[in-house]
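**Q** Provided herewith is a single structure, encoded as structure tokens, for subsequent inquiry.
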């Protein structure tokens, strides 16, 4: 093991420093990485115990956001970090996705990668640095990790691509994507865009890959100093005699018949029955003790799945036929409905084959904005999308708990896709919440969410610029051929080589996500996949526009009503009143809710009755208006003194009508008026101290 080492290099205007052997020395692998003023610590460890009975790599990636990294104390009653925030979960997924395919297929030991954010500057988000740190930590460790990866964030500002754009540059960028990959190819993409073209997207990915190569060269330079002995993983196989008998019993034509059943559940059932039939026959012929039988059974099941996978891929490549009978470029049948729920503010049902999303839109008042408080961001969020994937959508039985990482990730992608067409606050002051309930799933449910969400937004009368549609693309590759699949279903996602999701409008791409199970994809394949995805997106958009072509002109009668008014920020105190007295009285009298921006003076009034909302607005206008000489009021007498009447013109505004200004009533005013009477007065003077002098207005 090497002692403490440090490496530094300039990249993209920032200094990148890696330290090894100083901290977390008991971890199998640890990398301290500083990029700019952002610092992350990645640690990688593996259990010595093999987990029995699992058919996947048990990898866990944790991303810890420490508030001290940004010089902040966590909000709330308990002043310490709790469960991972949504942003931390998304960052963990961002790191997980490019590294997961690089573990041996048969690794069955628990692997835990923890990326801890220790310091952060606003211009160098630590999530992408975490990909670089994770790759180093895994390569420093004894864990059998088979590759070197790195990632970059790329923007598109004023016609120029920018690697690791600053926070200010991202505000004006048409593009915000994270790209990860190896030296040879791109393996992961995640991000959003403002209707960029396919050509611009490919160009961005190629620029990003050139930057990734530079980072990987630095990694290679570091790792050349290491000669770590890696843990050996033995590839488990069924016994030779069992494999031989399995090959004899398996009839390819029988397997083919079952693979080409169009309906997902029936296909799954028939494949399961055939698998169990074969394995049962084998165990009838061979004596195997109970302890070994469980392992051999699992290995035979894996062997069957591998045979089915190879046959499905062979049929697609050689015959151009997919499991449900479609051609590679064919989309599943689509139906769209809007207004399916009578009491919601907007709703839509989008069905594509055996994938179905129910989209629901709820409109809320400005005070219902989501508060955002992370180490990278503070503020509020007006456009929110939540994605729910209940177990019944795939015919399973599972406990209902909170959203998992997958649900959070899918919802975030769909939100980014739709956010590009969402109206500005000035045009539509509502908080908008979109919920996607996945009622049925056979692949591409996140893209179905984009479609149902777009339809529901128009149904709700939200003035989105245009429809957004999404489609998931797949890839099947062998030594000589590559076939891009349009609108993949679950089986093709599971057994294919790529999951490539593209969402956008007729004008361009608004969200993009790609994950590869192979070494990666090159420029020509990206061009082909994006071109094919655009053709599919146009078809889907045509169907959506046939269903509802523009946002409804009026909101649902059950939606809240909002009216805005801007007042002088100096008048905010008067509107609130001492102890909130004035604003509370308005809320109670007109049955509304009010939010005030004390910096801009913007006042939002929210209620269910249009008349009451309008009345409240008029009342606020009157209350906060500048009083000028000549203005007339019907005011209430609050006090009577020998020298005149004190009259409340509006809450908090009182003037004095001197006895000499009361006309014919100047001598007998104390007998004629009493406290609480309403009198019509006119403003005759306002002195330098702001005191208002009144006179009796002529009847």
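Cβ coordinates are placed from backbone N, Cα and C, and glycine is handled just like the others.
Checked Swiss-Prot, it gives:
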BINDING   493, 499  Mg(2+) binding site
DOMAIN    560-620  domain 'KH'
DOMAIN    630-697  domain 'S1 motif'
**Q** Which secondary structure state does DSSP assign to residue 493 (Mg(2+) binding site), in the simple three-class scheme?
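**A** Note: residue 493 (Mg(2+) binding site) is helical by DSSP.
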**Q** DSSP-wise, what's the residue breakdown of the domain 'S1 motif' (630-697) into helix, strand and coil?
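**A** Per-class counts: 10 helix, 37 strand, 21 coil.
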**Q** Which of 493, 499 has the fewest nearby Cβ atoms, counting only those within 10 Å, among these binding-site residues?
**A** 493
**Q** Over the span of the domain 'S1 motif' (630-697), how high is the average pLDDT in this prediction?
**A** 85
